[in-house]
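Chemist: Please read through the structure below; I'll follow up with questions.
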Amino acid sequence: MERKVLGLLIALGFLGSCLAEKNCRVDNFEVMKDFNKERYAGVWYAVAKKDPEGLFLLDNIAANFKIEDNGKTTATAKGRVRILDKLELCANMVGTFIETNDPAKYRMKYHGALAILERGLDDHWVVDTDYTTYAITYACRRRNLDGTCRDSYSFVFSRDINGLPSESQRIVRRRQEQLCLDRKYRVVVHNGYCETN
C-alpha cells in the first residue's frame, strides 16, 4: 500500500512539474531580448502560420517591414485571400506599429487595401529572430479569463522564400511549444500566385 501511495505522489509531482513548465498565460510568453528593429527591417516570407478567427491571408505571403524617416515602423504585406468562398485574389495589407516599453512588443494598427478585408489593432510581438534567417511573431486578439489566449495568430518568417534551414526549424519548433501553439501551424506555400518583388 505504501508503495502505491509513494508511486501516486511521484506521478502527481511529475504531472504538476509538467503543467508548471508549460504555462500558457500570454503575459508569461518571452519575446526577443534586445530587439533591434533596424536589423529586423526588410522583406520576410511567411513559411508557416497559425490562423486566427476571420478572414486572413492564406498563402504567398510576403511582408516588408520599414523604418520611416521619423523612426516609426510600418509594414506592407501581400498574399492570397479567398472572399465569399469563391473569389481568390492577391490582397495588400498595411500596418503601422505603435511602440511599447518592450522593443519587441508592438501594437499594430492594420487594414486591408480592400474594404472587405480585416482591420484592427493587434499585438505584434517578435518572439525570436536571428535577423538573417528566421523570425517568429505572435499576436493574441482575445484572452480567456485565466490569461490564456482565445484567438491568436502567429507567423514563421524566412528571409529565403524557399524556407528555413533545419537548425532554424528546430529553434522555431521550440518557440512554438513555448507559445502553446505546437502542432497548430500550417505550411504557407509560395507558388507564384502573388508577386513577391
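Just so you know, glycine gets a Cβ as well, placed from its N, Cα and C.
On a predicted model such as this, the values are computed, not experimentally measured, just so you know.
Annotations per Swiss-Prot:
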| type | residues | note |
| --- | --- | --- |
| BINDING | Glu118 | substrate binding site |
| DISULFID | Cys24-Cys180 | disulfide bond |
| DISULFID | Cys90-Cys194 | disulfide bond |
| DISULFID | Cys140-Cys149 | disulfide bond |
| SIGNAL | 1-20 | signal peptide |
Chemist: Mind checking which of Cys90, Cys149, Cys180 has the fewest other CB atoms within 10 A of its CB? They're the disulfide-bonded residues.
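Modeler: It is Cys90 that, of the disulfide-bonded residues Cys90, Cys149, Cys180, has the fewest other Cβ atoms within 10 Å.
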Chemist: Let me know the most crowded of the disulfide-bonded residues, choosing from Cys24, Cys140, Cys194 and counting other Cβ atoms within 10 Å.
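Modeler: The largest 10 Å Cβ neighbour count belongs to Cys140.
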Chemist: Closest of the disulfide-bonded residues to Cys90 (disulfide bond), Cα to Cα, picking from Cys24, Cys140, Cys149?
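Modeler: Nearest listed residue in space: Cys140.
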Chemist: Just the number: how many Å between the Cα atoms of Cys194 (disulfide bond) and Cys24 (disulfide bond)?
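Modeler: Spelling it out, the Cα of Cys194 (disulfide bond) and the Cα of Cys24 (disulfide bond) are 35 Å apart.
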Chemist: Rounded to the nearest angstrom, how far is the Cα of Cys24 (disulfide bond) from the Cα of Cys149 (disulfide bond)?
Modeler: 8
Chemist: Does DSSP put Cys140 (disulfide bond) in a helix, in a strand, or in coil?
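Modeler: Where Cys140 (disulfide bond) sits, the three-state DSSP reduction gives strand.
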